[in-house]
Amino acid sequence: MTTASQQTSSHSTASSTSRKGNNNDATPSLKELQLANRTLGTRNAKLVEMLKASRDKLDALNEQIRALSDPPSTYGTLLELNPGGHSAEVFTSNRRMRLVVAPGVDTSQLTPGALVRLGEGQEVVEHCGFSDFGDIAVVKEFLPGGSRVVVADTMGDLRVLKIAAPLYELWSQKNVGAGDQVLVDYRAGYAFESIPKADVENLILEEIPEVSYEDIGGLHNQIEMIHDAVELPFTHPDLYRKFDLQPPKGVLLYGPPGCGKTLIAKAVAHSLAEKMGSGGESYFLNIKGPELLNKFVGETERQIRQIFDRARSIAEDGRPVIVFFDEMDAIFRTRGSGISSDLENTVVPQLLSEIDGVEDLRNVIVIGASNREEMIDPAILRPGRLDVKIRVERPDEKSAREIAELYLVDTLPLDPALVEETGDRHAAVAALIDELSSRMYAQHSDNEFVELTFVDGSREVLYYRDFASGAMIANIVDRAKKNALKRALASGQPDNHGVSLEDVRTAVDQEFAENDDLPNTANPDEWARISGRTGQRVTEVTVAHHNRKTTTETEATEPEGTDSGKGHTDAS
């Protein structure tokens with residue numbers, strides 16, 4: 001009994017132990033649970049991201065569906081916002097309509113002329129700025145009040161339009177006026193903004209010149225003549241009316257190149273600005289003459305019209321305006337003189353009509369400059385058009401000294417030895433100017449330029465001084481300064497060097513040497529005009545190359561302009 005009972009108890013204990021061991025093997029460990037938790041968390045995060053992306057994509061698709069289902073928008077031009085701001089007059093679909101303004105629209109932006117978007121029910125739902133495309137028109141005048149403007153279309157027909165806010169702002173600041181181009185919508189009846197006239201502006205240098213008469217040397221007589229012709233009518237109009245005098249419409253400055261024609265014209269504008277008392281404002285319209293020429297028929301004439309429209313618009317405010325045509329012979333040649341073109345047959349009459357139209361504008365004058373005055377059409381030069389003709393001569397020795405004084409001043413670095421020798425800096429500068437003028441105008445063999453032989457056998461020698469100009473003198477002074485600068489750099493002691501007499505001598509020689517090969521001997525008759533003996537023909541031009549001579553001679557046996565093979569050119 002005892003043994004059987006013990007066996008039963010032992011078996012029960014073993015069974016219990018066996019079950020306990022099996023339960024421990026089936027239970028996961030803590031690490032396993034943590035790993036499983038992290039895995040599930042990662043999967044859950046990915047699912048959340050995928051769900052969010054799917055939701056965003058679904059929203060985008062729904063938005064596209066809604067956009068595709070929306071009706072198309074209509075745009076119009078706001079004409080007027082009615083009192084209360086709940087309705088507005090809008091021009092749309094070629095008709096004027098009174099439409100409701102949707103709630104939420106900022107009515108402060110709804111200014112006349114604005115572009116607005118209309119909803120499905122033809123209500124104003126959005127302000128879209130101002131139209132940036134349309135037709136181009138030219139302003140004729142702004143009507144009193146600043147709300148309307150008279151413009152001319154491409155056919156010259158006049159229209160009255162209302163002014164949008166951007167253009168009104170320009171008008172109130174006096175930044176737009178007669179002659180300017182504006183963007184318009186003829187159907188809506190509005191002008192929106194000013195459009196730059198690129199095709200004309202690139203030909204015009206509109207400025208208030210800073211050149212005064214004191215900046216011009218050796219041209220006292222010419223300055224006095226242009227002062228009497230241009231400034232007196234502007235500054236004393238009452239006296240001109242009292243003496244029953246008409247101010248000149250134009251002035252022609254003619255003479256050799258580089259002698260100050262453009263400087264005189266600029267100085268006139270500067271002087272007028274100081275004397276007119278118009279806030280110091282004067283305008284100098286410097287026309288780049290050759291660029292006016294255009295291969296398209298009528299373009300040159302149109303640009304001339306626009307230039308004078310510009311001048312008139314500026315002059316209306318009482319400001320003096322000078323229209324300056326440089327190289328006038330390039331644009332307004334004698335009619336019928338063209339070889340392969342008859343452009344001058346239409347360009348010259350256009351200028352004549354514009355000059356004749358200037359008679360009622362007291363503040364506009366035309367100044368032309370040319371070194372080939374004989375090529376300008378005579379109709380332009382007759383009294384009543386370019387009334388005053390002023391020849392700008394080449395500088396003589398006295399004038400050359402005056403010009404040199406503008407460039408050689410005592411503030412420049414001067415040669416210490418020269419300053420010590422002359423006594424002070426003023427005397428040193430005077431010595432430099434004496435050396436420059438005496439060397440330029442010396443009448444000796446080293447300064448011979450060309451020798452002319454006339455048809456009667458007489459001869460005349462032209463020297464470098466006969467071809468002097470203000471530009472040449474300025475260039476010689478610059479050469480002398482550069483020579484001194486290079487010597488100072490080479491010495492390593494720049495403070496101990498300055499412009500010397502030798503620098504001036506070298507500069508004059510360098511300038512003359514560069515001109516040795518420049519004389520044009522192909523047409524000897526041109527030299528008769530240069531020498532002033534226009535009554536005789538030149539048959540031979542001998543060019544001096546220092547110690548060398550190159551001869552160009554004319555022979556009666558060959559046609560004009562042909563080379564005989566002996567260094568001669570026919571002029572008979």
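Glycine too: its Cβ is placed from the backbone N, Cα and C atoms.
Remember, it's a predicted structure, so these values are computed and weren't measured experimentally.
Here Swiss-Prot flags G258, C259, G260, K261, T262, L263 as ATP binding site, drawing on sequence analysis. All protein chains considered, the CB of T262 (ATP binding site) has 18 other CB atoms within 10 Å. Look at T262 (ATP binding site): DSSP puts it in a helix.
Annotation comment: Swiss-Prot describes 42-70 as coiled coil, evidence class sequence analysis.
The compositional bias 'Low complexity' feature in Swiss-Prot is assigned to 1-18.
Positions annotated as compositional bias 'Basic and acidic residues' by Swiss-Prot: 563-572.
What Swiss-Prot lists as region 'Disordered' is 1-30 (among others).
The annotation region 'Disordered' is assigned in Swiss-Prot to 543-572 (among others).
Each of the binding-site residues G258, G260 was scored by the other Cβ atoms within 10 Å of its Cβ; the lowest score goes to G258. Along the coiled coil (42-70), the predicted structure has mean pLDDT 83. Those residues of the chain, other than G258, C259, G260, K261, T262, L263, with a C-beta within 8 angstroms of the mean position of the ATP site C-beta atoms are L253, P257, I264, A369, V392, S469, G470, A471. Long-range Cβ neighbours of K261 (ATP binding site) (same chain, at least 6 residues apart, Cβ-Cβ under 8 Å): L253, Y254, G255, D326, A369, V392.
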